[in-house]
Each structure stands twice: as C-alpha cells, then as structure tokens.
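Reviewing the structure listed below.
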Amino acid sequence: MANGLTIAICSAILALIFSGLWIRRIYAQSAGDSRMQEIAAAVQEGASAYLKRQYLTIGMVGTVLFVIIGLALSWNTAIGFALGAILSGLAGFMGMNVSVQSNVRTAEAARSGLNEALAIAFRGGAVTGMLVVGLGLLGVAGYTALLVSGADETSSISDLIHPLIGFAFGGSLISIFARLGGGIFTKGADVGADLVGKVEAGIPEDDPRNPAVIADNVGDNVGDCAGMAADLFETYAVTIIATMLLGALLFKTGTGDAAVYPLALGAASIVASIIGCYFVKMREGGKIMNALYRGLAVAGGIAFFAYLPITVWFMGGATLTLDGTEVGGGELIMRLFASTTIGLVLTGLMVVITEYYTSTEYPPVQHIANASTTGHATNIIAGLGVGMRATAAPVLAVCASIIVAYSLAGLYGIAIAATAMLSMTGIIVALDAYGPITDNAGGIAEMAGMPESVRAVTDPLDAVGNTTKAVTKGYAIGSAGLAALVLFADYTHGLEHANKLMTFDLSNHLVIIGLFIGGMVPFLFGAMSMEAVGRAAGSVVLEVRRQFKEIPGIMDGSRKPDYSRAVDMLTKAAIREMIVPSLLPVLIPVLVGVFLGPQALGGVLMGSIVTGLFIAISMTAGGGAWDNAKKYIEDGNYGGKGSDAHKAAVTGDTVGDPYKDTAGPAINPLIKIINIVALLIIPLL
C-alpha cells in the first residue's frame with residue numbers, strides 16, 4: 001500500500017511542477033500593447049472579484065456543513081470535507097488566473113501566426129488540467145497516507161479510508177456552486193449581450209460598444225475555466241475514492257493494494273498526459289482539431305501500455321470473488337487490465353460521438369443551420385430534436401461498457417473502467433480550458449482594434465474551441481454516469497458493511513417512490529438553473545438598453561460604456577441564484593433517508609442517475625449544436641452574417657447557451673452529490 005501512495009504523491013507533485021514551468025513560459029510571452037493589457041486587466045479584475053465573492057459564500061455554507069459533519073459523523077470526515085473543498089477551489093482559482101493571462105498573450109501571438117497562438121492557448125489549458133489532476137491526486141493520496149499512518153492492525157482498510165467520502169463531498173460542493181454560479185454569470189452576460197447587441201443594435205460579437213462585453217469575457221473564465229476545473233476535479237477525485245472504497249470492501253486478500261490501485265492508474269496517466277501535451281503541434285496544412293486530438297491519442301496510448309505492468313504490480317497477489325468463484329493471479333490481472341482498456345475506449349467514443357453532434361463538419365449541425373432558413377421556430381425545433389437524438393449513442397456506449405466491464409470483473413470492473421476513463425482528466429481539461437482562452441483572445445483582438453489578420457487566426461481557434469468545450473462536456477457527463485453507478489455500488493455495500501443488508505426490489509413501493517423523486521430532481525434543478533439565467537440575462541438587457549439610451553456617444557465610439565456595472569450586477573445575481581439549487585442535492589437525500597428509509601434513498605440514487613444522464617447529454621449536445629449552427633452560417637453558408645437565417649440561428653444559440661453551459665453541465669455534480677450524501681448518512685439510517 002505504501003508503494004502506491006508514494007507513486008501517486010510523486011506523480012501529483014510532478015504535475016504541479018509541470019504546471020509551474022509552463023506558467024513561467026506563458027508569462028514570459030508578450031502581453032501586447034497598453035490597450036490589450038487594459039482589457040485583460042478589466043477581465044481579470046471582474047473574474048477575481050466574482051470568484052472571491054463566490055468562495056466567501058461557499059465558505060459560509062461550508063463552515064456550517066463542516067461542523068455538522070464533524071458532530072454527526074466524525075472529525076476525520078469533516079477534515080476531509082474541508083480539504084476537498086479547499087483544493088477544488090484552489091484548482092479553479094489558479095486555473096482562471098492562468099487562463100486570463102493566456103488570453104491576451106494568445107491574441108498577441110496571433111500576430112505571428114496560427115501555430116504560435118495555438119501553442120500559448122493550449123499551454124494555458126494544460127496548466128489548468130495538470131493543476132486539477134495534481135491537486136486532486138495529491139489530496140486523495142496524501143489524506144489516505146495520513147489516515148492509515150499509525151493505524152493498528154485490527155482496523156480494516158475500508159474503515160480507515162472511509163473519511164475520504166468527506167473529501168469527495170467537499171470537492172462536489174465547490175463543483176456544483178462553481179458550475180451553477182459560473183454558468184449563471186457567463187450565460188446571463190452572453191444572452192444579455194447577444195439580445196441587445198447583436199439582435200437589437202446590430203453590432204458584432206465582442207464589439208467594445210456593448211456595455212456587457214467585458215462581463216461576457218469574465219463569464220468565459222469563471223464558467224468555462226474555473227467551473228469546468230472544479231467539475232472535473234470533483235469527478236476525478238470522487239471516482240478514485242469510490243473505486244478505493246469498493247476495492248477495500250470487495251477484496252479479502254490484497255485489500256491494501258486494491259485500495260491504492262486506482263491511485264497508481266491515476267499516477268501513470270499524469271505522466272502520459274504530460275508527454276501527450278508535447279505532441280500538440282500544428283503540421284503544415286493540417287487541422288487544429290487534429291493537433292489537439294494527437295495529444296489526446298498519444299496520452300491514451302501511453303496510459304494503455306502503462307496499465308498492464310501497474311496491474312501486475314499491484315493486483316498480482318489479490319483475489320476477487322466473481323459469481324461465487326475466487327479469481328486471482330494472471331486471470332484477474334488480465335480481467336482488470338481489460339477493464340482499464342474499456343475506460344480508455346469509452347473516452348474515445350464519447351469524444352467522437354459528441355464531436356459528431358456538435359461540429360460544423362457533420363450533418364446534425366448543418367441540419368439546424370438549414371432549418372434556420374425557414375425561421376426562428378424551425379431552428380428551435382431542429383435544435384431540440386438534435387439534442388434528444390444525441391442521447392442515444394453515448395448512453396448505448398456507456399451501457400455496452402458497463403456490460404463488458406461487469407462481465408470481466410463485476411462491479412469492481414465497472415469502477416476500474418470509470419477510473420481509467422477519468423485518469424485522462426489532465427489532458428481533457430487542457431482541451432476544455434483551451435476553449436475560453438481562444439474565445440477571450442478573439443474578444444480582446446476585437447475590442448483592442450487589432451488587424452483583421454489577427455482575427456483570421458483567433459476565429460478558427462475559437463471555432464475549434466467551441467467543439468472542444470462540447471466534447472469535454474460529453475466526456476464529463478459519460479464519466480459522471482459511470483462514477484455515479486460506482487457510488488451506488490458503494491452505497492449498497494456500505495449498507496451491507498453496516499449490517500443493514502437490503503434489496504432494492506421494484507415491487508417495493510418505497511423503491512418506486514424513491515425512483516420518482518430521484519428522477520424529478522434533475523428536471524427541477526435544470527428548471528431552476530434555466531430560470532436563473534433568464535432572470536440574470538433580463539437584468540443585463542435592461543442595463544445595456546439603459547446605457548445605450550442614457551450615455552450618448554456609445555454607438556459612435558466617442559464615449560465608453562460603463563462595463564463594471566454589468567459585471568457587478570451579474571456577480572450579485574449569480575451568487576444569489578446559485579444557493580437554493582445547489583443545496584437541493586444535499587437536502588433531498590437527507591430528507592428521504594430520514595423519513596422514508598434506505599430503500600427509498602436507493603431509489604432516489606438510481607432515478608437521479610438515469611434522468612440526469614439523459615438531460616445532461618441532451619442539453620450540452622443540443623446547446624453545442626445550436627452554437628455551431630450559428631458559426632456555420634457565419635462562415636458564409638445560407639446567406640452568412642446578417643441574413644434571416646443568421647438571425648434565427650442567433651436565437652437558437654441564445655436558447656442553447658444556458659442549456660449547454662449552465663443547466664446541463666451542473667447536472668454532473670448534482671447526481672454525484674446525491675450519491676455522496678447518501679454514503680455519508682449510512683451510519684444515521
């Protein structure tokens with residue numbers, strides 16, 4: 001066990017060192033002229049102010065929960081909760097700061113060409129990715145080492161590492177607040193800016209005359225960068241912890257090694273992801289997306305070859321009971337190695353499937369663009385249809401992965417497949433954080449009045465960034481589905497371990513009631529999220545209209561808008577609106593568990609997983625398709641910018657924005673928090 005912890009801690013430190021080195025390389029690049037630096041400073045000031053206020057609010061909620069967990073469960077669990085929350089927040093805050101510094105340098109590098117701008121944008125994203133996996137693995141492995149150090153021989157591994165559930169809960173709490181609050185901010189700004197700027201005033205995106213333009217750029221950083229970092233930090237840590245707990249419960253021999261085996265897989269993938277980052281380079285005449293995917297493919301290939309010796313090392317002496325038969329030695333090694341391969345294959349499938357439904361190169365997006373030629377309503381109908389259809393292939397891929405992984409190594413096989421999938425988080429976050437960096441770089445170029453040659457570089461980078469953001473959301477949702485299933489397995493085994501053995505029979509009315517309540521939660525949460533964005537966007541619309549009316553000279557460029565007003569309004573709105581929906585997944589399992597019992601609570605867990613998976617995929621894929629349908633028309637198809645088709649596509653994109661960037665992604669942490677809270681309260685049931 002000690003070897004696994006040492007390897008994980010060393011690999012996590014390597015990821016942090018790599019982040020530090022690339023931060024230095026990014027900061028060494030030119031930040032452009034004074035106008036560019038002024039815009040970047042305004043974006044950074046707004047993003048920092050928002051995150052500080054968000055973390056202050058979370059801190060107040062977290063302090064109350066820390067005391068409750070400490071008194072009701074254990075102080076080790078409470079300490080884990082605090083550690084998970086702090087590290088998750090730190091990953092998001094540091095990633096956001098690097099993103100803001102990378103934006104302006106990417107815009108300046110675009111003067112020199114596509115390859116130079118791509119290099120800085122991807123490095124900025126890679127820093128965030130390595131911070132997420134480095135801090136996540138360091139936190140889990142480091143806290144595990146503290147928990148097992150000095151323990152007496154009579155203590156079981158599962159009891160010793162049980163406080164890690166607190167770590168998972170801390171990361172999850174930050175995740176849902178960051179995803180939801182950041183999403184409300186960014187889409188409130190985006191929708192408000194588009195409705196008045198593009199639709200009413202007829203000015204282009206990122207035009208400095210729009211009073212909401214700085215708020216829009218701030219939102220990209222707090223939502224797409226800090227929000228996604230917190231989301232995948234949580235998914236990464238939760239999956240590793242859930243697999244560790246399951247291994248400690250299922251294995252009778254080699255329990256310690258089974259508990260740290262997921263940490264070793266994560267450690268190997270960090271090294272693989274670092275190497276993969278160096279393969280992201282444009283070839284002469286090549287595509288930007290191919291350069292990014294090359295890095296992902298190299299990382300996946302190296303991880304594949306590393307997993308076999310790691311499995312031999314850690315699981316060679318373990319035995320697992322499958323269908324009443326003891327399996328160990330070479331057979332178990334190959335079964336577990338095959339399970340890791342399932343996770344890597346599912347990663348590739350989720351990337352390919354999501355790109356198909358959200359890229360301008362494929363029929364779904366082109367279908368929405370074509371539907372825009374006949375009006376706003378047909379655009380909305382087509383987008384909703386694509387979003388619904390986009391659920392089929394990912395869900396079938398997840399189902400196939402579950403079937404194969406279960407046939408190989410039972411529930412532990414599913415957990416290992418999920419761990420292998422999530423072990424690629426470092427380079428996946430790099431692809432995602434690349435998106436807001438290129439988006440902001442284009443905005444800075446527009447606001448600073450840089451030459452058209454710069455926009456000719458930033459625009460294709462931004463178009464690819466839209467697809468990478470959609471792809472990583474698909475990956476996050478698919479992995480969240482697997483992670484939630486592993487957490488449900490932990491819940492059932494946790495009940496068994498606590499001598500509360502139960503069956504979840506569909507003929508039991510309590511289980512059915514739980515399924516209905518669990519199925520309701522993602523819909524209720526999604527509705528609250530969408531309505532929150534609508535209210536925030538409405539306030540921005542009124543403010544932008546007011547400034548256009550009351551500040552003469554904005555439209556001719558002789559006077560500047562009051563950018564800070566929209567930023568401050570959205571900050572207050574996002575903080576206010578995020579609290580009640582974010583507490584929903586904490587309160588519902590507690591209330592159901594206390595008043596209806598553990599069987600109904602089990603139904604809640606399964607119901608939330610099923611409906612949450614479908615809603616999240618539908619929203620993120622549909623929203624991404626709406627966005628890129630607009631971009632497809634702006635590229636000169638179906639009449640291009642300013643045409644009736646373009647106006648209809650802008651409406652679709654405006655509806656799709658909160659779909660794909662607020663409600664959809666926030667459902668990921670929602671379904672996992674419900675499961676984690678259920679795990680936490682087992683002793684109280």
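The backbone N, Cα and C atoms fix where each Cβ goes, and this holds for glycine too.
Just so it is clear, the model here is predicted, and its values are computed rather than measured.
Per Swiss-Prot, the feature substrate binding site maps to LYS187, LYS660. Annotation for LYS187 (substrate binding site): same-chain Cβ neighbours under 8 Å, separated by at least 6 residues, are GLY219, GLY223, VAL533, ALA536, ALA537, ASP657, PRO658, ASP661, THR662.
Cβ contacts within 10 Å of ASP190 (Mg(2+) 1 binding site), excluding its own Cβ and spanning all protein chains shown: 27. The Mg(2+) 1 binding site annotation in Swiss-Prot covers ASP190, ASP194 and rests on similarity to another entry.
ASN217 (Mg(2+) 2 binding site) carries a helical DSSP state (H, G or I). Around ASN217 (Mg(2+) 2 binding site), a 10 Å sphere centred on its CB holds 33 further CB atoms from the protein chains shown. According to Swiss-Prot, the feature Mg(2+) 2 binding site maps to ASN217, ASP220, ASP439, an assignment based on similarity to another entry.
Sequence-distant contacts (6 or more apart, same chain, Cβ under 8 Å) of ASP653 (Ca(2+) binding site) comprise ASP194, TRP626, ASP627, ALA629, LYS630. In this structure, ASP653 (Ca(2+) binding site) is part of a helix by DSSP. Positions annotated as Ca(2+) binding site by Swiss-Prot: ASP627, ASP653, ASP657.
DSSP classifies ARG179 (site 'Important for ion transport') as helix under the three-state reduction. Summarising the annotation, Swiss-Prot assigns site 'Important for ion transport' to ARG179 (among others) and lists similarity to another entry as the type of evidence.
Per Swiss-Prot, the feature site 'Important for ion transport' maps to ASP224 (among others); the stated evidence is similarity to another entry. Long-range neighbours of ASP224 (site 'Important for ion transport') (same chain, six or more residues apart, CB within less than 8 Å of its CB): GLY182, THR186, ASP432, ALA433, GLY435, PRO436, ASP439, LYS469, ASP661.
Long-range C-beta contacts of ASP231 (site 'Important for ion transport'), restricted to its own chain and to partners at least six residues apart, with a cutoff below 8 Å, comprise SER175, ALA178, ARG179, ALA476, PRO665, ASN668, PRO669. Among the features that Swiss-Prot reports, site 'Important for ion transport' is placed at ASP231 (among others), with the record citing similarity to another entry.
Secondary structure from DSSP puts LYS469 (site 'Determinant of potassium independence') in a helix. The number of other Cβ atoms within 10 Å of the Cβ belonging to LYS469 (site 'Determinant of potassium independence'), over all protein chains shown, comes to 26. The site 'Determinant of potassium independence' annotation in Swiss-Prot covers LYS469.
The site 'Important for ion transport' annotation in Swiss-Prot covers ASP661 (among others). Secondary structure at ASP661 (site 'Important for ion transport'), taken from DSSP and collapsed to helix, strand or coil, is helix.
According to Swiss-Prot, the feature site 'Important for ion transport' maps to LYS672 (among others), an assignment based on similarity to another entry. Of all Cβ atoms in the protein chains displayed, 32 besides its own lie within 10 Å of the Cβ of LYS672 (site 'Important for ion transport').
According to Swiss-Prot, the feature transmembrane segment maps to 3-23 (among others). Beyond the transmembrane segment (3-23), the same-chain residues lying 6 or more positions past its ends with a Cβ under 8 Å from any Cβ of the stretch are 98, 123, 126-127, 130-131, 133-138, 140-142, 144-145, 257, 260-261, 263-264, 266-268, 270-271, 274, 313-314, 426.
Look at Swiss-Prot and you will find 55-75 (among others) tagged as transmembrane segment.
Residues or ranges marked as transmembrane segment in Swiss-Prot (evidence: sequence analysis): 78-98 (among others). Outside the transmembrane segment (78-98) by six or more residues, the chain places 23, 26, 44, 47-48, 51, 55, 58, 62, 65-67, 69-70, 124, 127-128, 131-132, 135-136, 138-139, 143, 163-175, 178, 221-222, 225-227, 229-230, 233-234, 237, 433 with a CB less than 8 A from a CB of the stretch.
Outside the transmembrane segment (127-147), and at least 6 residues removed from its termini, the chain residues within Cβ reach (under 8 Å) are 5, 8-9, 11-16, 18-19, 22-23, 26, 76, 80, 83-84, 87-88, 90-91, 94-95, 98-99, 102, 160-161, 163-164, 167, 171, 225, 229, 232-233, 236-237, 240-241, 244, 259-260, 263, 266-267, 269-270, 273-274, 425-430, 433. What Swiss-Prot lists as transmembrane segment is 127-147 (among others).
Note on the transmembrane segment (157-177): residues 1, 54, 57-58, 61-62, 65, 69, 73-74, 76-89, 92, 136, 139-140, 143-144, 147-148, 151, 230-231, 233-235, 237-238, 241-242, 244-245, 248-249, 255-256, 259, 497, 578, 582, 585-586, 666, 668-670, 672-673, 676-677, 679-680 of its chain, located 6 or more positions outside it, place their CB under 8 angstroms from a CB of the stretch. The transmembrane segment annotation in Swiss-Prot covers 157-177 (among others).
Annotation source Swiss-Prot lists transmembrane segment at 231-251 (among others), citing sequence analysis. With a threshold of 8 Å between CB atoms, the same-chain residues lying at least 6 positions outside the transmembrane segment (231-251) that come near it are 84, 87-88, 91-92, 132-133, 135-137, 139-140, 144, 156-158, 161-162, 164-165, 167-168, 171-172, 174-175, 178-179, 258-263, 266, 318-321, 410-412, 415-416, 418-419, 422, 425, 428-429, 432, 472, 476, 479-480, 482-483, 486-487, 489-490, 493-494, 497, 665, 668-669, 672, 676.
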Which residues of the chain, 6 or more past the ends of the transmembrane segment (380-400), have a CB below 8 A from one of its CBs?
346, 349-350, 353-354, 356-357, 364-365, 367-368, 370-372, 474, 477-478, 481-482, 613-614, 617-619, 621-623, 625-626, 629, 651-652, 655-656, 659
Which recorded positions are spatial neighbours of ASN217 (Mg(2+) 2 binding site) here, meaning Cα within 10 Å, out of ASP190, LYS660, LYS672?
ASP190
Thinking of Cβ pairs under 8 Å, which stretch from 260-280, 333-353, 402-422, 578-598, 600-620 has the most of them with the transmembrane segment (55-75)?
578-598
DSSP three-state assignment for LYS187 (substrate binding site):
helix
Is the transmembrane segment (402-422) packed against any residues at least 6 beyond its ends, judged by a Cβ distance under 8 Å, and which are they?
235-236, 239-240, 242-243, 246-247, 250, 261-262, 265-266, 269, 303, 307, 320, 322, 327, 332, 335-336, 338-344, 346-347, 475, 478-479, 482-483, 485-486, 489
Cβ-centroid neighbours of Ca(2+) site ASP627, ASP653, ASP657, 8 Å, sequence order:
ASP190, GLY623, TRP626, LYS630, GLY652, THR654, VAL655, GLY656, LYS660
With Cβ-Cβ distances below 8 Å as the criterion, list the same-chain residues six or more beyond the ends of the transmembrane segment (333-353) that contact it, or say none.
261, 265, 293, 296, 300, 303-304, 307-308, 311-312, 315-316, 327, 390, 393-394, 397-398, 401, 404-405, 408-409, 412-414, 416-424, 428, 471, 474-475, 478-479, 482
Neighbours of the Mg(2+) 2 site ASN217, ASP220, ASP439: Cβ within 8 Å of the Cβ centroid, same chain, sequence order.
VAL43, ASN103, ASP216, VAL218, GLY219, ASN221, ASP224, PRO436, ASN440, GLY443
Under 8 Å Cβ to Cβ from ASP220 (Mg(2+) 2 binding site), same chain, six or more residues apart: give me those in sequence order, or none if nothing qualifies.
THR186, PRO436, ASP439, ASN440
